[in-house]
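Here is what TrEMBL records for this protein:
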- 38-309: domain 'Plant heme peroxidase family profile' (DOMAIN)
- 48-128: disulfide bond (DISULFID)
- 75: site 'Transition state stabilizer' (SITE)
- 80, 83, 85, 89, 101: Ca(2+) 1 binding site (BINDING)
- 81-86: disulfide bond (DISULFID)
- 134-305: disulfide bond (DISULFID)
- 176: substrate binding site (BINDING)
- 229, 232, 237: Ca(2+) 2 binding site (BINDING)
């Protein structure tokens, strides 16, 4: 599954998945106090002790019908935290006179998993009314997605409150944006006209090139699915990094990781050390989950994640 390794339903998802790989590595070098907040893993131990079980069960149920949902929920969490912090603003639908983050260029027609969060939230509300925020549910769902895919587990600090607004403008400005070279990928740039040559990217692994050309024969097609990690698309493992070492990155932006000396050293290191990657990934997720959080008495606990109370 890599950081977000999934069969991608839309071109923007492809871009975001690769961009988030870089963002994950950036989190490793960021100070641990990204945001000062009073979060506590035991925040709901008395008010909603069944919370973790409800979230894990809801995630496992969703995976039975859609194995891609783990990666989608992880991306949803990333996307939420990158825009004004981890306060569940990405879950909000449009309101009167306001367009939410779902309309951002990087999100439109590609973010998914909202129904799963709705379902889990309904179960939580039934067990613990007006107690657990949507921001905490999304954070836990992302963690359970990693665990269910064979990745590491970690202790999630809790006590986030939900934001009361969302902004398409903020999402467009704050989410990793496609660079000019990434935009070219939209039209299968690497497959048919690399740098205007009329040929495929010569740096691409020959087997990968043949597989992609077979899967995407029409350069204008927008509905074809191809995994960013062809070997183990639903597993959280090291194959993404090993693919990069053999020029097997699906996106041209994947190759950028190998062109930077520092980032390339991390790719090599992770490809050989599962324990190190899992440890660093878990720590990065905790750090990201602390970004821009709202705590009581600010914010609110939404009863429905798509609308403010």
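Even glycines carry a Cβ here, placed using N, Cα and C.
Of all the disulfide-bonded residues listed here (48, 81, 86, 305), the one with the fewest other CB atoms within 10 A of its own CB is 48. Between the recorded positions 83, 128, 134, the minimum number of other C-beta atoms within 10 Å of a residue's C-beta occurs at 128. In this structure, 237 is the one among the binding-site residues 80, 101, 237 with the smallest number of other Cβ atoms inside 10 Å of its Cβ. Residue 101 (Ca(2+) 1 binding site) sits 12 Å from residue 81 (disulfide bond), counting Cα to Cα. Cα spacing between residue 305 (disulfide bond) and residue 80 (Ca(2+) 1 binding site): 13 Å, rounded to the nearest whole number. Within 8 Å of the Cβ centroid of the Ca(2+) 1 site, not counting the listed residues 80, 83, 85, 89, 101, the chain contributes 79, 81, 82, 84, 86, 87, 88, 90, 163, 166, 170, 171.
Ranked by Cα separation from residue 229 (Ca(2+) 2 binding site), the recorded positions 75, 83, 86 are led by 75. Candidate binding-site residues: 89, 232. Fewest other C-beta atoms within 10 angstroms, 232. In this structure, the CA atom of residue 48 (disulfide bond) is 24 Å away from the CA atom of residue 80 (Ca(2+) 1 binding site).
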